[in-house]
């Protein structure tokens with residue numbers, strides 16, 4: 001390739017390595033004046049600067065051999081660590097292919113390949129369309145089994161070639177390239193292409209974060225070895241270096257041995273901003289089991305209520321025990337060690353609450369295909385303030401709404417009114433030893449069904465009650481997360497860490513810890529008594545739109561506008577799972593009660609089911625026609641409820657969805673998943689509202705389903 005040769009010669013001349021230049025020129029039979037004639041455009045020449053001083057001839061010789069090797073190995077891959085030499089380049093440098101990489105140290109390569117790769121961006125702009133259509137023709141004519149896999153290349157190559165043209169200021173070529181090929185891309189990339197089409201000048205690229213990410217993070221493709229060899233052979237025969245360079249530089253090809261995947265298998269998994277997850281990303285061990293419940297006896301009948309003495313310890317053991325207390329004696333083999341992360345101690349009030357919970361559980365309705373839950377819908381009427389978030393307490397006694405007018409409103413949904421604690425002066429008069437001291441500290445004059453909390457200076461996008469119902473979190477467009485007391489209905493703390501809108505926040509199932517995620521693309525883990533975050537989870541390429549704690553509180557799931565879901569380890573902040581497959585930003589997450597599975601919902605209207613232990617997609621529930629904003633498993637995990645902007649609540653058979661999973665080693669190794677063609681047999685029911693998008697779902701302790709949303713009049 002003459003241009004490459006000229007580039008190397010110019011580089012040698014600039015580095016004052018005259019002797020090497022002469023040798024190379026003799027080898028390639030180029031005369032001095034040819035060099036000028038074949039000189040590159042000034043931009044190209046400018047890119048060729050490289051460290052080099054008055055090296056002597058010996059240095060020149062060394063450099064020449066280094067250029068030789070680099071040139072030969074630049075063709076072989078960084079991506080899939082393949083080494084091969086293209087005849088085209090080997091001929092230029094007159095080194096027999098057999099001797100490539102003779103005795104050259106590997107660490108010597110970067111300086112020269114940096115020069116060459118910087119130069120590579122200067123491909124002939126007029127040929128880009130030809131290169132791309134050549135590849136397209138080749139892929140479309142390849143065998144069916146390879147075609148589906150190789151078609152994954154279209155989108156990342158299209159974007160990189162377009163960006164390269166724009167970056168090198170070939171605006172008209174870029175425009176015609178875009179016009180000609182953007183229609184061939186998969187429909188789920190439409191939004192990205194819209195952003196791309198607005199980037200027509202180099203200056204535009206500077207400020208555009210999405211595209212910067214695209215250039216800096218490698219796009220991951222999972223391809224079988226056979227398909228990859230086919231592609232490599234084609235590109236080397238055609239000497240289509242422009243495309244090969246992009247493959248090497250910007251794509252990460254995760255090669256697996258075995259059968260190529262079908263179109264349907266690939267379509268299920270692709271669609272995120274950075275391609276699929278590398279298989280390595282989902283190999284770490286995850287302790288998805290549940291922590292052992294603390295043991296205490298449960299009084300069975302109402303007259304045993306006073307079975308606890310002052311310390312909150314049970315009195316003498318009762319001969320008959322409730323099954324609820326003894327169910328979780330054995331430690332779950334997949335559970336994390338009990339003290340893996342420090343969790344708050346149980347207070348007496350928490351123990352009482354657990355006792356209540358177990359009593360309710362004894363009266364819980366067993367759900368299933370034959371026995372669907374009743375659904376009680378809370379419609380926010382006349383919510384002109386714009387309802388943006390809802391949460392319901394675990395015992396279903398209070399409901400909170402976050403609004404676009406920056407208020408947080410708390411309602412009592414039981415006959416019991418909301419009351420504040422009395423003022424300090426009044427509290428000092430109370431007899432602290434009396435039995436009903438907790439009742440006496442409440443001020444009856446403040447009793448009302450609704451309390452409004454003022455403090456945020458922007459729409460409130462997320463709300464979360466603490467498990468003990470003493471606190472409430474809210475996060476807002478103003479970049480803060482606020483902690484409110486439900487005793488005094490005042491703001492206790494404003495946590496400032498995000499500089500941009502915070503889209504979601506959630507308390508840990510054990511209280512004390514909470515997580516927030518926002519426009520700055522990171523999720524943060526906080527503790528209520530620290531004003532700085534304890535962990536920062538960074539890795540998403542776009543906004544973190546929703547956050548959820550795993551039931552054992554050791555992991556946090558985050559969903560993002562980059563169309564991926566990540567699972568983070570709270571202990572060390574590492575990302576232990578990356579799930580790709582959604583075709584739009586993710587807006588809802590739900591863990592199954594046993595901790596083994598995760599359900600995710602997005603703007604594409606699909607609900608995807610994931611096996612956390614194996615790191616695999618195990619189901620796809622299709623039916624919603626708009627964004628899925630709410631997901632919740634029933635208390636025993638038999639039913640998954642999903643709520644959407646299409647004004648429906650749908651119930652799915654979770655037992656059946658998870659029952660006969662083929663998670664053998666092969667599936668896990670290759671990520672080949674066979675999703676059932678039809679998810680309709682998992683759909684147990686669809687319930688329409690008149691005109692109310694569903695933005696929150698909650699199963700009561702007895703498995704009644706509560707749903708919430710704001711009536712929209714259009």
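Positions of Cβ are set from backbone N, Cα and C atoms, glycine also.
TrEMBL tags one of the stretches 133-187, 188-242, 243-297, 298-352 as region 'Disordered', and that stretch is 298-352. Under DSSP, residues within the repeat 'WD' (579-612) fall into helix, strand and coil as 0 helix, 19 strand, 15 coil. For the repeat 'WD' (537-578), the residues of the chain that approach it from at least six positions outside its boundaries are 210, 213, 217, 271-274, 277-278, 281-282, 284, 286-291, 335-336, 340-341, 343, 503-510, 513, 515-519, 521-525, 584-591, 593-595, 598, 600, 602, 610, 612, 615, judged by C-beta separation under 8 angstroms. Across the repeat 'WD' (621-653), DSSP helix (H, G, I), strand (E, B) and coil residues number 0 helix, 19 strand, 14 coil. For the repeat 'WD' (380-421), the DSSP-based tally of helix, strand and coil residues reads 0 helix, 20 strand, 22 coil.
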